[in-house]
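Here's what TrEMBL has on this protein:
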DOMAIN    1-21  domain 'C2H2-type'
DOMAIN    22-49  domain 'C2H2-type'
DOMAIN    50-77  domain 'C2H2-type'
DOMAIN    78-99  domain 'C2H2-type'
Amino acid sequence: KSFNCSRYVIRHKKIHTGEKPYICLVCGRRFNQSGHLTRHKRTHTGEKPYICTECGKSFRQNSIFICHRRIHTGENPYNCMECGKNFSQNSSLLKHKRI
C-alpha cells in the first residue's frame, strides 16, 4: 500500500503489529487510533454529538449521521454501473450487486 503522508504510514503499520496504545479507562478495551477510542467512549457516556436538524435524531458517529441525512435529502451517491440504479448507502449497492 502507498501513502502520501508519513503519519498515515505509521498509523497503517499499527494494523500489522497489532499495537493498540489507546486504552479505555472505563472498560479496558484498546484501540490503535485515538479517534477510535474517542468514538468508543461515547458508548459509556451516551454522548451523541451529531444532531439532525430535520428530525432531531442524534448519533454517536458522524458517518452514521451522514447516511441518515440522505433520508431527508434523497441523495443516492452509489450507482450500479450495470443497471444505473442509485443507492443511498454503499452496503445497499453491494447487496444489489450480489443479487
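Using the three backbone atoms N, Cα and C, a Cβ is placed for every residue, glycine included.
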Same-chain Cβ contacts of the domain 'C2H2-type' (78-99) under 8 Å, 6 or more residues past its ends?
67, 70-71
Reported in the order helix, strand, coil, what are the DSSP residue counts of the domain 'C2H2-type' (50-77)?
12 helix, 4 strand, 12 coil
Taking every residue in the domain 'C2H2-type' (22-49), the average pLDDT works out to 96
DSSP residue counts for the domain 'C2H2-type' (22-49), split into helix, strand and coil:
12 helix, 4 strand, 12 coil
In DSSP terms, the domain 'C2H2-type' (1-21) comprises 12 helix, 0 strand, 9 coil
